[in-house]
C-alpha cells in the first residue's frame, strides 16, 4: 500500500482528511475486500513527444465518486483527465460504472513515474493498483553548438549536452563532417576544447544511446585575423604621422587591407581609450598590405590624437587594437607678423607690429627683430612676447636705407620674416610717438572737452531726425492717392489713375550676393548670369520634392516673352554649404553649348519673410515633353499607351551619349546620369540635365550609407559605391543603366533588389538582364558599360558612334511602303488619337482621314524578321505637354 503525503495549500482540506483516514485508520484487509476498482492504470513506455492514455474503472452503488489521479503519491491538480459515469442498475438498483481517463499529450521526462487512481466511498479512501510510465527513445539535446567567430589559431570551447532515457548517452564530435577521436580516459565530451583553427570550419555533435543516434545543428566557426600587435609611431611631422604595426595571424586567408582610425583627443580622453567606440566620428583610412605602414597627413600641429588599427581578410575584419596616444610636434608659424610700422624720433626708432594672422602651429614664444642700414651690419634682437620696441640708433645723424623686419617663433623655430619696412622720420601732426603711447598710462575714453562731446551728440541727433522726417514725408507722398480720382468718366465709370511706386525694401543685387556668405569667385560668376527676379512670372508647379520644386514660368525679355522652367530651393532645410553647391552646379551649366546638354538661362533670388537670406532660383529652358523617365512610363502605363519603335529608343540613347561625350571632353563628371535627369524638347531630342541639382529634388532612388551623402545606388558604378571615387568611366556605367531604362520603357533597375543589397549583388557578378525585345547588339553595348575594370569600359565617343551606326542599320521608323503590316482594325471609324500622358495632338499633326489609320508598326531584329506591334489608334507617339523638368513619379500639375 502506497502512502500519499498531501501538500498543504495545493489540495483541499477534505482531500487531506480523506487521505489521512485511509492511510492511518483503514485496515489492509478491509481495503482489499471493499476494493471498488475493476481496472487499474496500465504501463506506458515510449519516446519523447509520444501521446499516451491511462485508464481506471470501478463499480459503485449510490452516488458516483470523483476520481483523482496520483503520480508518485502526489495529486495531479492540472491533469488532463475525463470521467464517464454509466448507470448499470435495473429495477430501481442504484449501480454505476465509473471510467476515468488521463491523457498525456506529449510525453516528457517529467511525466515518468507511478500513476494511481484515488476515490472516497463511505468515508473510506481507496487507491488503485499502480501503472508505470517510462520514457525511452532517441537522445534529446539540451544544448547544441552555436555559430561564432574566432581569431586564427586562438583556442576556444564548444558545448553540447544530451539526455535519454535510456541512459547512458554518448557524445561524438564532428568537424567538417569528420568524427573527432574522443579524449582518452574521458566520458561523454560535453565541452570540446579546440586548440585553434586556421580556416573556417563547421562543428556538430552526435548523441548515441540504445535507441539510436541524434545529430545536433551544425555550427559554423568563422576564422578572422588576429588583432594587430605592436602599433607604434615611426616618424612624426607637424602635419604628418607615420605609424607601423605587426599583423596578426590570419590562417589560410591572406590579409586584404588594414583600416586605421584617428580621432582628436580631448580633456576627457582618458575615460575612453579602452572602450570599443570613440566619443566622436573618427578619421578612417584604408591601406593595402603589405607593407604594414601608413602615413597620416593633413593633421593639426601640436595636437594630441589617438590611433587604432584593424586588419581584414576575405572572412571579415579583426578586432581593433587598443588606442595609441600620439601627438604631432610643434611647427613654425605659417605667416609673418602683421602691420609692421617703424618711426624714427631723433636717435630712437619706434617699431610696432601685430600678431600673425596665419596659424602659429604651436605655442608662441616671442618675436625676433632685425634691422640694418645700407652700410651697417644687421642687428638681430629677441624681443620676447612684446609687440613694440624702442631701438637706440647709431648717433643722431640719419642712417641711409634703414629697414626693419620682424618674425615670430615657436619651439620648432622661426616663422617667415615680414617684408623690410623702411624707417620713416617722425613729424609733428602724425600723433604721439609710439614710446609715449607705451610709457604713459592710457588716456580716458573721453579726452575731449565735454562741450565738444555734447555738441557732436546734438548735431548727430538733429541729422538723424531730419533724415527720418524726410523719408516719412516722401513715402507718404508716394503712397497717398491724392487726386487720383479724377472727374473724367470713361465708358460711364469713374477712372482711378494710380502708378505703382518703387519699393525701398528690395535688396540690390550686390547686397543679395553679400548676404549669401558665398565665395568671391562664385559671386563673380553669378553676376554674369543674374536675372532680375521681377522679370520672371511663376506659373503652375510641375513637380515638388523634399528639398525644392520645379515650376512653369515666363521670362519677360526686351522684345519677347520666353517660356521657361524655374527651379527653386527650400533654404529652410538646407545648410549654407548646400546652397553654395547648388549655385556652383547651376553656374557650371552656363559654360555648356551643345544641343544635347541643358543650358542655363539665368539665376535670380527671391526673398522670404521667414528666412535670413534669399532663396536661389535657377531659370532653365522649358522642355515640352518633360523628363525622359516619365515619358517612357506614360508610353507604357498611361491611360492610352503608345508604342515607341526601337528607332526612337536608339535615338534617345545616341542623344544622351552625344551629350555625355561633350561633358567628358569638358572634363565634367555628371555623377547622377539617369533617365529622370534627361529632358525631351519639342523636337524629341534628349538633353542631359540636372548636374547635381537633382540631389536636392529627387529622393526615391537615393540611399544613405552611414554619413555619406545620398546616392542613386542603382545607377552608380561599383567602384564608386566602394571607394566614393567618380570618373568619366563611372558615368559610362550609369549610361549603361540608363540604356536599360530606355529599352524597358522606364522600368526600375534591379527589380526585387533593395538599395542596401546592390553592392553585394554586383560583387557576386550579377548584372541587369537583357530586356524583352531588346536587340542583342544593344544589350552587348550595355554589358560593356558594366565591366568590373573601368578601363575596359568604352568611352562616350565609342558609345555614340556605335549607337549611331545601329540607328543607321535600322529601317526608317515610319515608312509605310517598307513596313510589313497587318490590318488589325476592321472598323471604318477614326477613334480619338491617344497621347502618352492623355494629352492632345500637336497642332501640326495631319488629319487622320489623309493618312492610313490601320497601320501596325514593325521592329526589325538582327535576323531580318519583323515583329508586328498593332496599335489601337494612329495617335501621336508623343506625351502631352508636361513641362520641364518634373521629379520622377510626379505629374505636371495640369
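Each residue, glycine too, has its Cβ placed from N, Cα and C.
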Exercise. Identify the region 'Disordered' range according to TrEMBL, selecting from 792-822, 823-853.
Key: 823-853
Exercise. Scan 750-778, 866-894 against TrEMBL and say which stretch is down as region 'Disordered'.
Key: 866-894
Practice problem: When you get a sec, could you say which of 426-449, 450-473, 474-497, 498-521 is annotated transmembrane segment by TrEMBL? | Solution: 450-473
Self-check item: Rounded to the nearest Å - Cα separation of residue 672 (active site, proton acceptor) and residue 567 (ATP binding site)
Solution: 17
Quiz item: Any chance the domain 'Ig-like' (139-220) and the domain 'Fibronectin type-III' (336-428) have 3 or more Cβ pairs under 8 A, given the pairs are 6 or more apart in sequence?
Solution: no
Quiz item: If you count Cβ atoms within 10 Å of the Cβ of residue 567 (ATP binding site), leaving out that atom itself, what do you get?
Solution: 24
Practice problem: Please list, for the domain 'Fibronectin type-III' (227-331), how many residues fall into helix, strand and coil according to DSSP. | Solution: 3 helix, 50 strand, 52 coil
Quiz prompt | Count of other CB atoms lying within 10 Å of the CB belonging to residue 690 (Mg(2+) binding site) | solution = 25
Quiz item: Whole-number Å distance between the CA of residue 676 (ATP binding site) and the CA of residue 690 (Mg(2+) binding site)?
Solution: 9
Quiz item: Looking at the recorded positions 672, 676, 677, which one has the fewest other Cβ atoms within 10 Å of its own Cβ?
Solution: 672
Practice problem: Sorry to bug you, but what's the C-alpha spacing from residue 567 (ATP binding site) to residue 690 (Mg(2+) binding site), rounded to the closest Å? | Solution: 10
